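Chemist: As annotated in Swiss-Prot:
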BINDING   Asp488, Asp494  Mg(2+) binding site
DOMAIN    555-614  domain 'KH'
DOMAIN    624-692  domain 'S1 motif'
Amino acid sequence: MNPVIKQFKFGQSTVTLETGRIARQASGAVLVTVDNDVTVLVTVVGAKTADPSKGFFPLSVHYQEKTYAAGKIPGGFFKREGRPSEKETLTSRLIDRPIRPLFPEGFMNEVQVVCTVVSTSKKTDPDIASMIGTSAALAVSGIPFNGPIGAARVAFHPDTGYLLNPNYEQLKASSLDMVVAGTETAVLMVESEADELTEDQMLGAVLFAHQEFQAVIQAVKEFAAEAGKPTWNWQAPAANTPLLDAIRSQFGEAISQAYTITIKQDRYNRLDELREQVIAALAGEGEGKFAADEVKAAFGEIEYRTVRQNIVDGKPRIDGRDTRTVRPLKIEVGVLDKTHGSALFTRGETQALVVATLGTARDAQLLDTLEGEKKDPFMLHYNFPPFSVGECGRMGGAGRREIGHGRLARRGVAAMLPKDDEFPYTIRVVSEITESNGSSSMASVCGASLALMDAGVPMKAPVAGIAMGLVLEGEKFAVLTDILGDEDHLGDMDFKVAGTAKGVTALQMDIKIQGITEEIMEQALEQALEARLNILGQMNQVISQSRTELSANAPTMLAMKIDQDKIRDVIGKGGATIRAICEETKASIDIEDDGSIKIFGETKDAAEAAKQRVLAITAEAEIGKIYVGKVERIVDFGAFVNILPGKDGLVHISMLSDQRVEKVTDVLKEGQEVKVLVLDVDNRGRIKLSIKDVAAAEASGV
């Protein structure tokens, strides 16, 4: 095919879509360029046949940043890109979330999306370009897809309002970093962090983005009309109505009763029993029998319909609650003796053990990004072991889900952390999910806030998080507060809000269906605020503000500043001086180019000892001040006395005594300690001392 190029305006930016020149063997391939700042190659490949052994839709999204895009060579021994970075993993999830619900129900063919950043000026994040490219590549591929989607990033400033697709510099001054994606009629995904914005401001940002990215959707439609391949001839499998009717008539009441069992494991055990009974009754090869896999799938469909219908009919939820009630909370802090800060946060059958650890500036995470090397002094790691849901499973490194949940929890608390110059510690928070039945990422937000306050980190305000759900059936809908795992799985929306009593700090939304209105989002935010204030109230009864002192187990940090021309004196030749201080005091010292010094010691005494050594090296002789010094060298005309490290002054023979002195050695010996008064320091730094004037100076109170 001949190359097709489409150019359009998106806010202040010019976006170019191109297909037919690169990666022509993929089902769909689009090269997207935004303002000549960033170029991303997006390819989509769909398998022509489905794998019947897979009981799920095998969609995979891979976002990758090539270092050559920024004119760099990778570090490390092999000098090539390795496993995905955390940024790449998070962006892959960001692209996956809005496109997954748009593939038709029952479509099980494998689809792989690969987004490769091939050129960047390092001024803007390539994620929005990647999402636009994914939308366009799917639109031209012919793969069944109910798109296209649009995507936008939104910033907010109280004085200037909303800003579309800000660059990195503009984001630094913003109170909001939000990414929104959706179709022409619906918002499907929101990912954001904010500095205590109101619910109205957050909703306004979502609606602003949805309005602005209509330009993307229209452009992709026109692009697909010109360059698109024929849509696959794929038909959704017909519903097995006789099988569904058979399960409903024989087991419908029993399934409905099972969903009134409030304890998760007991409920699952009962549903497993019923599933086996249904398979035994209806699976087989004879007349009126069905394949076992079909029966299992139909049983799941009946479960899905039963729970949803009960909720919209106003019946109690699975665990007996109404739609607005938060599960019972149990909150403990200081649960681990030797850690710097810890909390155990339990909400119903979801539990997080969260630990905060303080370290030195050297413990900050070094990030090698396309924009260059950065240091991150705050880490939040989320672990989800299989025992938390009563299962055996793989143990190992963090998966995509754990990385995504950890980042969401981090967003929730990051805005409330003190600035680096106020609290120059590196902070690592680890959330161990010890029990899970829904909303473990929001339990991590609550636990992180508690553990940080327990550690003595001066938080601006406590933070809590809550997960909301939605069931929409026809004209009826129900917004659910504090959803269970089953409600998340069977519902139409996952809506997570973290914030303080004053405002929202993080909002994540994933919507599985079309038709979520502004009214529904408003109600979800209103219910989330009510629940958040309830949780914060209970948290504040346990610990309402940060402890005034750090844990005795935490390192002590002392900050000071010296003249820039003294830095080399502290470091010494080849680093000998600073190395000696660190070895002798068992403290670590970080010196910045502006003369700022941070001293970290495992104990307060160690840090103080190191500080005194630095002060001694950098101190200047003060005129009129008395020092106790040591005679270093005697000459005919006087004696050189060391009063500060590296600083000797001259006591002229005439200044040794009120009496006439014939020989200096009659009065002083080398190594002798004496009191001296600083008389003068000339412009070359030479220090003039006196011994005979000390008594008079002491008498006058110097």
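Using the three backbone atoms N, Cα and C, a Cβ is placed for every residue, glycine included.
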Chemist: On a count of neighbouring CB atoms within 10 A, which of the binding-site residues Asp488, Asp494 is highest?
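Modeler: Of Asp488, Asp494, the one with the most crowded Cβ is Asp494.
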Chemist: How does the domain 'S1 motif' (624-692) divide up by DSSP, counting helix, then strand, then coil residues?
Modeler: 6 helix, 36 strand, 27 coil
Chemist: In the domain 'KH' (555-614), how many residues does DSSP put in helix, strand and coil?
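Modeler: Final tally across the stretch: 32 helix, 17 strand, 11 coil.
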Chemist: Quick one: what's DSSP say for Asp488 (Mg(2+) binding site), helix, strand or coil?
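Modeler: DSSP assigns Asp488 (Mg(2+) binding site) to helix.
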Chemist: Across the whole of the domain 'KH' (555-614), what does the mean pLDDT come to? Round it, please.
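Modeler: Value for the domain 'KH' (555-614), mean pLDDT as a whole number: 87.
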